[in-house]
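Peer 1: Submitted below is the structure of interest, expressed as structure tokens.
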Amino acid sequence: MERKQKNSLFNYIYSLMDVRGKFLFFSMLFITSLSSIIISISPLILAKITDLLSGSLSNFSYEYLVLLACLYMFCVISNKASVFLFMILQSSLRINMQKKMSLKYLRELYNENITNLSKNNAGYTTQSLNQASNDIYILVRNVSQNILSPVIQLISTIVVVLSTKDWFSAGVFFLYILVFVIFNTRLTGSLASLRKHSMDITLNSYSLLSDTVDNMIAAKKNNALRLISERYEDALTQENNAQKKYWLLSSKVLLLNSLLAVILFGSVFIYNILGVLNGVVSIGHFIMITSYIILLSTPVENIGALLSEIRQSMSSLAGFIQRHAENKATSPSIPFLNMERKLNLSIRELSFSYSDDKKILNSVSLDLFTGKMYSLTGPSGSGKSTLVKIISGYYKNYFGDIYLNDISLRNISDEDLNDAIYYLTQDDYIFMDTLRFNLRLANYDASENEIFKVLKLANLSVVNNEPVSLDTHLINRGNNYSGGQKQRISLARLFLRKPAIIIIDEATSALDYINESEILSSIRTHFPDALIINISHRINLLECSDCVYVLNEGNIVASGHFRDLMVSNEYISGLASVTE
């Protein structure tokens with residue numbers, strides 16, 4: 001990973017720590033460092049005690065023995081206490097960082113282009129956050145404890161052993177560090193790559209499971225348990241195979257690290273046994289060396305796996321940050337948004353395609369004026385919904401230009417555009433929360449009186465012959481309400497906004513003709529100066545439009561009043577004859 005990317009990664013993690021988070025993190029580093037030094041000294045103290053008891057030291061005194069015993073007990077107790085305290089600090093830091101990261105991620109999702117939001121399902125999106133959160137936890141935990149502690153212990157061990165003038169043991173410990181670093185540096189890249197591949201497949205499996213749950217009704221209606229089971233089983237098999245490859249290489253690395261430890265630590269062990277037998281090494285020194293071997297062997301052997309885990313987490317987290325980096329570029333705001341609420345819309349030579357093969361819109365030009373209602377109609381796939389999605393800012397990669405009062409749409413920020421244009425679609429976007437919450441989406445400061453007023457305008461003041469309750473809890477996708485009732489929630493949101501342009505993309509299709517006409521009348525009364533664009537095939541809505549545009553294969557093929565088009569346009573006359 002490049003140095004610049006690493007710095008960006010560490011800056012991102014550091015930015016997730018507030019003052020309390022920084023205090024917790026540096027406290028963890030301090031506790032780990034202090035406890036590691038204390039643990040490293042304990043074998044030396046034990047060696048002194050052993051030599052005193054065995055008579056190897058001539059200056060024996062009970063006071064000195066008691067002092068050493070107290071110091072050794074302090075080392076043991078402080079080690080236990082530091083583990084407990086570290087766990088508390090680590091848990092607090094994780095909660096602290098996870099909260100800030102989740103809110104940051106929510107802002108980043110909110111600021112993403114709508115087309116990007118629709119690429120992945122909720123399962124993939126939420127699991128990405130969980131994985132990134134886990135990556136940060138792995139990095140913080142390993143750096144502050146699992147890597148730092150063995151490194152300090154190894155350095156302290158060499159210093160202590162050198163102080164006893166055991167040059168051979170100190171040299172072997174140093175050689176072990178050198179060989180270990182070279183060996184694991186070469187292998188951790190492969191381990192990290194396999195681990196990242198395994199995590200990516202796990203993420204895809206989770207996304208597939210979420211997709212299956214979302215579409216379970218379709219599977220059930222088609223008796224397709226076998227098909228969806230096979231699909232998910234294939235994903236789990238791929239996940240299993242990827243994990244097997246990772247753990248196989250990880251086991252080999254661990255085995256090689258163990259062999260390295262056995263060879264080098266074993267040579268130190270044998271050297272000191274021979275020293276004791278030859279009378280040149282004291283029993284206490286031998287116990288100190290063996291204590292260091294026991295103390296260091298397991299944590300150091302695990303460093304290889306930990307390094308690969310760290311590299312994988314860094315790579316995965318860097319990708320997450322790159323995908324969800326906040327867009328700090330600010331678009332110029334529209335001066336008239338805070339002054340004039342009347343907007344005219346001009347479209348010039350607008351073309352759009354989802355691929356290079358076929359244009360969905362082909363050089364469309366038209367002028368729409370404030371206070372008027374326009375209807376777009378035409379066969380399925382003619383480009384109606386695509387046109388209004390471009391106007392509302394859903395698609396950015398179009399050719400030509402769109403102007404609001406002579407200001408190009410490209411120069412208008414998403415936030416300002418959302419204030420200027422309200423786009424009602426067939427998608428209800430109902431949250432699993434109360435009716436009150438679902439309506440406050442449109443106006444955070446809306447009072448209960450205002451909410452009840454807009455519910456009445458949307459013909460939703462009564463549900464199941466009872467007055468509606470704002471505390472009604474809506475289930476997944478609002479499915480405890482009918483299709484028409486969910487569309488009325490969307491309409492009620494409209495009445496809580498103050499848009500200059502209103503787009504209705506068949507958003508009243510689940511309502512009957514009477515309710516639809518009443519609501520459209522309420523919209524025109526409530527927003528007398530608004531420019532209204534309506535997509536519909538219903539005659540009653542086309543009749544009350546100031547102008548109807550007929551689209552076919554991405555072109556405007558006819559325009560005018562409905563009565564005139566009944567005579568001159570085959571598609572409109574066909575709609576009228578079907579209705580009759």
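Each position is counted from 1, following the chain as shown.
Yeah, the Cβs are placed from backbone N, Cα and C, and that goes for glycine too.
As annotated in Swiss-Prot:
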BINDING   G378, P379, S380, G381, S382, G383, K384, S385  ATP binding site
DOMAIN    25-312  domain 'ABC transmembrane type-1'
DOMAIN    345-578  domain 'ABC transporter'
TRANSMEM  25-45  transmembrane segment
TRANSMEM  66-86  transmembrane segment
TRANSMEM  143-163  transmembrane segment
TRANSMEM  167-187  transmembrane segment
TRANSMEM  261-281  transmembrane segment
TRANSMEM  286-306  transmembrane segment
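Where in this structure would I find these features, and how exposed are they?
Peer 2: Using a 10 Å radius centred on the Cβ of G381 (ATP binding site) and all shown protein chains, the other Cβ atoms total 13.
Tertiary neighbourhood of the transmembrane segment (25-45): same-chain residues 17, 68, 71-72, 74-76, 78-79, 82-83, 85-86, 89-90, 93, 140, 144-145, 148-149, 152-153, 156-157, 160, 287-289, 291-292, 295, selected by CB-CB distance under 8 Å and a gap of 6+ residues from either end.
Tertiary proximity for the transmembrane segment (66-86) is limited to same-chain residues at least six positions away from its ends with a CB under 8 Å from its CB atoms, namely 28, 31-32, 34-35, 38-39, 41-42, 45-46, 48-49, 52, 145.
Only residues 6 or more beyond the boundaries of the transmembrane segment (167-187), in the same chain, are considered here, and those with a CB under 8 A from a CB of the stretch are 154, 157-158, 161, 249, 253, 256-257, 260-261, 264-265, 267-268, 271-272, 289, 292, 300, 303-304, 307-308.
Sequence-remote contacts of a segment are chain residues at least 6 beyond its ends whose Cβ falls under 8 Å from one of its Cβ atoms, and for the transmembrane segment (261-281) they are 166, 168-169, 172-173, 175-176, 179, 289-290, 293, 296-297, 300-301.
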Peer 1: Other than G378, P379, S380, G381, S382, G383, K384, S385, which residues of the chain come within 8 Å of the ATP site, judged by Cβ distance to the Cβ centroid of those residues?
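Peer 2: Near the ATP site, beyond G378, P379, S380, G381, S382, G383, K384, S385, sit L551, N552.
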Peer 1: May I ask you to report the DSSP-based helix, strand or coil state of S380 (ATP binding site)?
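Peer 2: Once the DSSP labels are grouped into three classes, S380 (ATP binding site) ends up as coil.
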Peer 1: Which ones in the same chain are close to S385 (ATP binding site), with CB under 8 Å and 6+ residues apart in sequence?
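Peer 2: Long-range Cβ contacts: D505, I535.
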